[in-house]
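Have a look at the structure below, then the notes.
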């Protein structure tokens, strides 16, 4: 018999704060795993890109024919497709991140028992969490690039600020993934995932994705303004239409706070999530 | 001591009696677990009614472009039958994917049913029959809520619910047949939703008349069962104007043909899988 | 025990108020095949998960490969191999990719993993199926793949939780043969099982667990010698003609050590089964069936706990 060939990982110093054995500095291997798995189911991977594109084609042209133009973020009128496209970009960032951090994580955890297999290796719970969130970002980032190219093709991007929509989409996805992961740690069965649908679908429909805030009565406007997707939509709309103001930093701050809070809860619950 | 033949208490049900037993079985399960699906079958369509019928409807109220598209009817009244049909299709499609696979693979309820006198064909018919019952119930609840919101023009909405049930079943049958052939864990389902179901819901005249679609796409609309269902449901709900009678017959015939072929295939694939 | 690969003192695992493992002591030496024997719920799997450094201990001391799992979990896990009770293969990957990716988790280079996978596919007799999906493989093939996967880092210690549960006899024998090969290569193994034949076949030494504690410890033949008789006479009767254990003990006074009553049969522990059977018949009892066999670990467990192992 030869000696063991597995190498002992040396976690970076900062992670010493976490429960020991939680981080082996190998989160990138989960990306490798997800990329390999995606290559085997490339059609499903590709389909994620088309969902917002179908919405843009149908709603932009179809509903647009009923609406004409709408006031943009700075009051200047813009076409309906230009109005909803950034909303769809934001919603797609949310939906992808939430799906990956809730349904996907729960399935791999409870049914595929994938994390049990990983945690029997030198990998720790933090590697798993970072790897899964990282993959959600890689995938979301690719979809966002694709969607921005489609927007450019339709002439819906007329400003260099639109380049910032990509990092903005990543930030939005990160915040939703962190909160989603934290929420998943409290899930007990599939029935609980109805709550996820119950949160994401209304947000998708009502966060000024399809029409401006002014449609709502005053009290409802305040409620909508609290929703995270509203801030994502406004952020994207400001960047893709070039109506950039300091207010956009407020939206960015919203997601930074959300990512930190979600991440803190997820980190604290990670042991409960992955180790029994 | 009684003879062997007298001892067993099981009886063979009649051909439709077996189907009814399968429907009853689904109902018993549903009674205990209805909350699990109430969100997707009732709450979600109502959210779409609120978002598009009420919210978007408020945005475009009084505009000439809308009157031209809806024939002068209020947008909420116009979209309501379309959303009923769309919701039936979504429920029919979803419930014919993972739940069917689960009956064969995960929970094996179909295997358990056919261990007795019930035949695989009866299980397939019972599944579709149950879906019809469920979409009818959900459709009636939704129609009642839409009526409260002022979106119902007359008793024709009941006929629209019936058409929705037919449309949902016509989509469900071939998907059920396909699901019964899968040996995988259902990895291809997301691609079906995104490449078939979602485009169908967006390009079938639910949200806007199909003549607003690009010339290129319009010929494809005739393939969509949801378009045929929406044309009928909308004419029924608004009390007209009906398309010329050959067109009406064509819509009905298309849906019945799809349902018929799908059902035959489903019975065949169920039999092949369960009786092997 | 300086050479001990696993050393536990008062090892305890609590889940809320339930104590799954209640203070056990263990010493597993290098090259040894060590068994945990016990019924479902005895605490075997919990003990294994603590040794595998995936479940923190609630109390007691534990050293694996001379290190503390609480502090050196990743270092320990990089040198052991784990075969869990239920196969948790990656169904989204092919057979070969399962071995590749798993090896990468151990920090092995891509080229090292590629070479190792070829060797392990051969070991698991899956070379032909290397590019296939995992899902359609038979239960025995999946089990062999899981075992092969656990060997990707050439572990010093292999943990196997119920390695052959749910396999058909042929598949079980193939797994046993592979495990025996590993033993000859000097790989230390810890195995949990509730199969007596498996424990007797594979283990050099074992502990019998019940209710979270160790009730006996030793080599299989030692335990049989210590807690059972040479032979066992199994008797089945028509329910209405079945004599009680006490009646049989009376009939066989002096000839038997003890009589166990099970729901479907009586077990007579004796040095000479044939003679005991003759005595029962001579006393006018007419069993439907009688069988004389050698004692097994099943009898040890029955003696120690008063219960059968697989209910």
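Even glycines carry a Cβ here, placed using N, Cα and C.
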Segment assigned the feature transmembrane segment in TrEMBL (from B:4-22, B:23-41, B:42-60): B:42-60
Residues flagged as transmembrane segment in TrEMBL, choosing from B:228-247, B:248-267: B:248-267
Matching range for TrEMBL feature annotation, transmembrane segment, among B:104-127, B:128-151: B:128-151
Surrounding residues of the transmembrane segment (B:128-151) on its own chain - C-beta under 8 Å, 6+ positions past either end: 19-20, 22-23, 26-27, 30, 37, 41-42, 45-46, 49-50, 53-54, 74, 76-77, 79-80, 83-84, 87-88, 91-92, 95-96, 157-158, 160-162, 164-165, 168-169, 172-173, 176, 263, 266
